[in-house]
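Step one of this worksheet: look at the structure below.
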Amino acid sequence: MVLKAICALSFILVVALSTLPEGNASLTKCQCKQGPKERKNCGYPGITAAECRKAGCCFNASVAGVPWCFSPKAKKVRKVCPNDSRGRINCGFPGITAKECERRGCCFRAHPAGVPWCFYHRTVEE
């Protein structure tokens, strides 16, 4: 019985992994907004738009003499302290002070009762 379950889970895992897109499918438009002189080559001569995007790169063939397939800008992210007290993930210990918490690089809010007052930041994309 255990062997059948392992085989079934293995099959499901293989199917799930085979359906994942290749390359970086989560590129945002602003990551590809670059001046022609800012572009860093990400492909080879004659690469198609589909091949370029499949490699996780940006494609824009509107300007001659510069790379058409180029590396995307890094995503901009920032750390924020979550407002929802239910989503807090504990970063301290009972009785931790605000100063001790902040030294750990965490958020501190001494309210409401029953939830962590020292908790981790959330990372959000800009």
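Every residue, even glycine, has its Cβ placed from backbone N, Cα and C.
Annotations in TrEMBL come from automatic prediction, not curation.
A quick note: this is a predicted structure, and the numbers were derived from the prediction, not measured.
Disulfide connectivity taken from TrEMBL links Cys118 to one of Cys81, Cys101, namely Cys101. A disulfide bond in TrEMBL ties Cys107 to one cysteine from Cys81, Cys91, and that cysteine is Cys81.
According to TrEMBL, the cysteine that forms a disulfide bond with Cys57, out of Cys32, Cys42, is Cys42. In the disulfide annotation of TrEMBL, Cys69 is paired with Cys52 out of the candidates Cys52, Cys58. Counting every protein chain shown, 13 other Cβ atoms lie within 10 Å of the Cβ of Cys81 (disulfide bond). A separation of roughly 37 Å, to the nearest angstrom, links the Cα atoms of Cys81 (disulfide bond) and Cys52 (disulfide bond). Calculated from their C-alpha atoms, the gap between Cys101 (disulfide bond) and Cys57 (disulfide bond) amounts to 40 Å.
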